[in-house]
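What follows is a single structure, written as structure tokens, with notes after it.
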């Protein structure tokens with residue numbers, strides 16, 4: 001197993017005091033429960049009773065930021081789109097598609113950043129404002145890294161276009177100077193402004209030649225004396241060969257042209273054309289790629305990667321992807337100049353320039369306070385087929401590991417859990433297991449929520465979870481005395497045991513009250529009646545009552561007898577059934593045939609024989625009277641039926 | 001589609017409702033309300049559909065919906081409906097029913113009246129737990145609510161206590177309710193039954209029960225044809241759309257295969273009832289159009305990115321001509337359009353008024369389509 005690369009960060013739990021007593025903890029899916037123990041620091045004696053607090057420590061804090069929910073939801077849509085688009089296209093169009101996906105992700109980050117920025121401006125609470133600003137800078141760093149990864153890995157720009165992309169990247173992200181540019185441009189006469197040359201330098205450093213020339217022309221018209229000098233510089237800037245995206249020229253052509261132009265610049269610098277104007281001389285030096293001249297403008301570039309791109313633009317425009325690492329390393333060293341050590345962001349970008357994709361993802365995982373970024377970036381890179389060779393010593397692969405972490409975070413959130421489901425779906429190896437474990441822990445506050453969770457499980461054939469959810473809901477309904485609902489839930493889960501339990505409750509209620517509740521349900525059981533024996537009995541018994549109510553006595557009698565002889569009715573219920581037979585026996589016309597009467601008698605004898613008079617001493621009198629009444633009724637019925645059948649057969 | 005504007009709102013939306021228009025209004029609706037669910041702190045919010053100030057001559061609106069005001073709501077918003085221009089009745093998962101008033105002059109919301117635990121369970125420990133109120137319907141000043149406790153409540157907006165309560169009206173969960181006539185209501189429940197209740201009768205029994213044959217698929221939503229009151233549409237757990245003629249039979253007149261998962265809401269277009277809208281857990285929102293006479297009318301729904309399907313359905317011969325019940329050969333086709341391609345998470349609610357459609361999803365977004373019949 002690898003050693004951890006960095007010391008694990010120290011998390012201070014506010015309120016807990018590890019110096020006084022030992023802490024204990026328990027892992028949860030995305031959280032840790034921490035509480036103080038009775039043991040003091042030495043671990044020997046028992047101190048005073050500890051505080052009765054339990055702390056919940058969360059890893060993925062960003063999940064709980066309200067504004068970021070937009071990021072999670074919108075990127076979920078993009079993620080799903082990417083999984084769906086699987087491999088349909090090949091070659092170039094596939095790459096274009098992936099780049100588009102990457103851009104979509106970035107635009108979501110940007111939109112979120114703007115929202116956060118607005119929120120920061122709108123709020124009056126300084127603490128909140130600080131929090132928002134921190135988030136804005138984190139988001140902007142994420143976008144910066146993502147954009148670089150997009151250029152280097154997703155698009156995999158080749159020599160030539162690579163530099164153009166990097167220039168765009170710098171222009172998009174180095175916005176510290178934008179306000180200065182705006183200030184100068186909006187002033188009455190820009191050329192008189194004290195920051196005029198700074199702005200021109202900014203344009204040159206960012207390779208924005210047209211804008212620089214436009215500004216210079218203004219200055220030139222104000223200084224007719226040095227017109228010639230301006231013209232030469234303008235001409236140089238105009239002629240500067242740049243790689244074109246259209247690919248009409250080969251790299252060699254470009255290099256030749258560039259070499260030629262470079263020599264021309266060199267000539268003008270050496271013959272002192274610009275000697276009279278230090279500003280213009282320094283611009284010319286920059287055009288020549290003079291490192292010292294460029295480094296002098298450190299303040300205008302603000303970052304080492306700006307320096308890197310500027311340096312490449314003027315000294316090595318046809319840089320190949322693989323050469324980037326050397327320039328990057330030396331640029332960082334030159335720029336920082338040993339004064340300050342590189343920050344995490346610098347290291348991440350450096351790793352990207354070195355094409356160490358895993359290093360980029362690792363550093364990001366350590367530095368960023370959310371899994372969103374690494375999970376989505378890794379997934380995208382995986383779709384670019386850049387990560388296949390890498391296997392972790394735990395879990396399956398990096399993409400899946402990170403997606404699982406992210407989705408687990410979502411599941412720990414009270415509301416975002418629905419998003420997590422789709423992420424688990426796209427983790428082939430462990431996604432299912434994770435989902436099974438997480439989904440069971442979703443609190444089911446309303447039936448509607450339960451239905452949503454149930455739908456998720458049913459779609460994925462997670463029978464065990466379906467059963468458990470239905471059981472929870474059935475149990476809840478039962479506790480609330482909602483027998484009808486409880487039965488519906490257990491029918492949905494096909495849970496025979498529970499259906500039996502509820503049927504018994506129904507029958508008990510009937511015995512106590514003499515009438516059925518929830519008739520609308522019991523009358524409409526349909527085929528689900530066959531789920532459990534007891535439920536069948538309940539349905540059939542209710543049918544008996546209906547037949548009886550409709551005065552269809554012979555049918556009712558037949559059904560009643562079948563319930564006993566076919567052993568559908570539980571033995572404990574036989575007495576009730578026999579009592580129900582009493583009024584049928586007492587009807588004016590004969591209903592039970594001789595054979596049926598014998599059956600009834602046998603049932604009664606079975607019951608009394610199998611149930612010796614041990615129990616129910618108080619009820620003894622009632623019971624014996626009942627039995628005797630039944631016997632009497634049966635005997636009389638038998639007499640009548642013998643006479644009747646005899647006469648019918650005799651005639 | 002450029003005529004749909006979306007906004008991510010950082011809360012899962014359970015209900016969206018247009019504010020009703022005053023009787024003489026000609027403008028399209030501009031204000032709607034949303035309710036959220038499954039949040040630690042749920043909210044009822046009032047939104048402006050778009051920037052009215054920038055309305056062009058052609059009545060085009062620009063911009064996304066923006067929040068006017070919101071208020072904290074205890075429990076999930078299970079259902080809600082405007083009582084009038086200013087008041088909204090909101091059903092909560094805690095069993096409470098609240099009337100919120102929207103003060104338009106200073107754009108605030110306040111609780112106007114509250115019936116605590118209008119729906120509740122009497123559990124074994126005799127402590128009363130609230131039961132989710134799943135549906136609410138208003139016919140100013142009357143309000144009818146139904147809940148998981150199988151109870152039906154009739155309130156009047158200005159009265160403190162319930163006017164009428166039918167305990168144990170249903171043995172299973174009641175999912176939705178709507179008015180059939182001023183004194184009759186329709187409810188649907190979780191065992192596939194549609195019941196008519198006459199509130200004038202003192203008997204606590206439904207006056208009629210209709211049910212799906214066979215599988216007892218739970219019904220989740222119900223709506224009545226605005227002009228022909230005997231035509232009722234319901235949506236079920238299997239995503240099936242059922243059309244019922246409550247004058248006859250006890251079974252649906254037609255069953256139309258629709259969504260792949262629970263249908264959460266069904267609505268006839270209030271002024272153009274040949275159109276029907278349904279939304280579902282599977283993340284789709286369908287527009288059912290029976291007005292199209294396929295041969296002559298140019299189809300405006302054949303636009304890129306939309307999937308259109310024709311569905312032939314057989315219906316029982318009817319004397320009254322209604323597109324939903326008739327089997328007239330020229331009208332035997334129905335045009336069905338899915339308005340949301342590629343959505344993955346549930347569309348929980350929709351509302352149509354005039355040319356406008358608003359819907360809300362579990363992906364925490366609300367969408368407004370202002371040119372439904374463009």
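Cβ coordinates are placed from backbone N, Cα and C, and glycine is handled just like the others.
Quick look at what TrEMBL annotates:
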REPEAT    B:212-254  repeat 'WD'
REPEAT    B:256-298  repeat 'WD'
List, by number or range, the same-chain residues at least 6 past the repeat 'WD' (B:256-298) whose CB is under 8 A from its CB atoms? 220-228, 233-237, 239-243, 310-311, 313, 323-324, 330-331, 333-340, 343-354, 357, 359, 361, 372-373
Tell me the residue counts in helix, strand and coil for the repeat 'WD' (B:212-254), as DSSP assigns them. 0 helix, 18 strand, 25 coil
Considering every residue in the repeat 'WD' (B:256-298), what is the mean pLDDT value? 84
What does the DSSP secondary structure composition of the repeat 'WD' (B:256-298) look like, as residue counts for helix, strand and coil? 0 helix, 18 strand, 25 coil
